[in-house]
Amino acid sequence: MFPSRRKAAQLPWEDGRSGLLSGGLPRKCSVFHLFVACLSLGFFSLLWLQLSCSGDVARAVRGQGQETSGPPRACPPEPPPEHWEEDASWGPHRLAVLVPFRERFEELLVFVPHMRRFLSRKKIRHHIYVLNQVDHFRFNRAALINVGFLESSNSTDYIAMHDVDLLPLNEELDYGFPEAGPFHVASPELHPLYHYKTYVGGILLLSKQHYRLCNGMSNRFWGWGREDDEFYRRIKGAGLQLFRPSGITTGYKTFRHLHDPAWRKRDQKRIAAQKQEQFKVDREGGLNTVKYHVASRTALSVGGAPCTVLNIMLDCDKTATPWCTFS
């Protein structure tokens with residue numbers, strides 16, 4: 001969308017009736033009574049929809065000793081219509097913002113409304129997916145992005161692999177459709193922390209076609225770090241050209257970094273053979289091998305900004321990657 005703001009990356013080597021009204025209405029029913037009844041019906045309908053989408057209804061029934069028939073009903077995969085759907089000035093493409101997440105609620109409360117405002121000002125059709133890992137394994141950012149890719153709406157045609165603690169501040173940053181190749185928004189020249197030339201983390205845009213071509217990301221990286229370096233090799237192996245922003249003059253003030261290492265410790269432990277394995281290229285696994293279960297899918301509004309929270313339970317083959325647990 002903004003070709004003047006993109007450049008090829010300069011590299012070293014070129015994801016019946018209601019029970020509330022049973023028995024009918026009394027003969028003399030005031031307008032006030034009708035209003036209260038309608039309001040109550042609306043409230044309980046919304047409450048039932050929320051519980052049924054999150055799976056809480058099934059859990060509540062089982063808690064009362066009753067059996068449910070089949071798994072909890074999944075919410076519709078398509079996000080609700082947005083105000084821009086009929087506005088051609090917003091362009092034909094739609095972005096799925098994939099946010100790997102675990103226990104960073106303070107950052108999330110800032111991230112969702114900020115990204116909503118930022119992308120709306122740029123007229124980027126989008127929907128935010130919070131990929132919340134709820135199993136007991138170590139955090140796996142790459143596998144969560146694979147899940148987000150598979151579970152995102154078919155109406156989206158490109159993705160942003162987006163850290164929850166990195167907020168774009170410069171309005172000239174391009175979040176448009178990356179037709180020519182993967183676009184690394186948080187380039188080494190602009191990221192507040194990481195400056196090596198092969199870095200592709202933080203914020204990376206890819207078309208869904210190109211992400212499939214790379215077979216997604218490796219699922220072998222449990223704990224913090226290195227999954228982006230392996231994905232860089234996948235990008236090059238797929239024959240794709242990596243692009244980065246050009247003409248941005250705000251330097252390391254281009255983004256706001258929310259992470260506080262003093263109270264938000266990262267899991268940087270290397271267990272068993274993980275230290276040796278982390279530098280290898282996973283030539284077999286990826287999008288086609290990720291194993292998971294979506295425990296619930298819930299539509300939320302954070303500060304008036306809509307998003308979808310996927311509670312995800314990843315599966316780990318402890319024979320192949322014993323470092324997925326701390327034991």
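Including glycine, each Cβ sits where the backbone N, Cα and C put it.
Taken from Swiss-Prot, the feature topological domain 'Cytoplasmic' applies to 1-30, supported by sequence analysis. Restricting the average to the topological domain 'Cytoplasmic' (1-30) gives a pLDDT of 53.
Here Swiss-Prot flags 31-51 as transmembrane segment, drawing on sequence analysis.
Positions annotated as region 'Disordered' by Swiss-Prot: 63-87.
Per Swiss-Prot, the feature UDP-alpha-D-galactose binding site maps to 100-104, 139-141, 164-165, Tyr194, Trp224, 257-259, Arg266. In sequence order, Gln133, Asn219, Phe221, Trp222, Leu314, Cys324 make up the list of same-chain residues 6 or more apart from Asn140 (UDP-alpha-D-galactose binding site) whose Cβ falls under 8 Å from its Cβ. A coil conformation is recorded for Asn140 (UDP-alpha-D-galactose binding site) in the three-state DSSP classification, outside any helix or strand.
The N-linked glycosylation site annotation in Swiss-Prot covers Asn154 and is backed by sequence analysis.
Look at Swiss-Prot and you will find Arg226, Glu227, Asp228, Asp229 tagged as N-acetyl-D-glucosamine binding site. Reduced to three states, the DSSP call for Arg226 (N-acetyl-D-glucosamine binding site) is coil.
Look at Swiss-Prot and you will find Cys316-Cys324 tagged as disulfide bond.
Between the alpha carbons (Cα) of Asp228 (N-acetyl-D-glucosamine binding site) and Arg102 (UDP-alpha-D-galactose binding site) lies a span of roughly 18 Å. Ranked by Cα separation from Pro100 (UDP-alpha-D-galactose binding site), the recorded positions Arg226, Glu227, Cys316 are led by Glu227.
Distance noted between the C-alpha atoms of Val164 (UDP-alpha-D-galactose binding site) and Glu227 (N-acetyl-D-glucosamine binding site) is 16 Å. Considering only the recorded positions Arg104, Tyr194, Cys316, the residue whose Cα is spatially closest to the Cα of Asp229 (N-acetyl-D-glucosamine binding site) is Tyr194. Distance between Cα atoms for Cys316 (disulfide bond) and Asn154 (N-linked glycosylation site): 27 Å, as a whole number. Closest to Arg226 (N-acetyl-D-glucosamine binding site) in space, going by CA atoms and restricting to the recorded positions Asn154, Tyr194, His257, is Tyr194.
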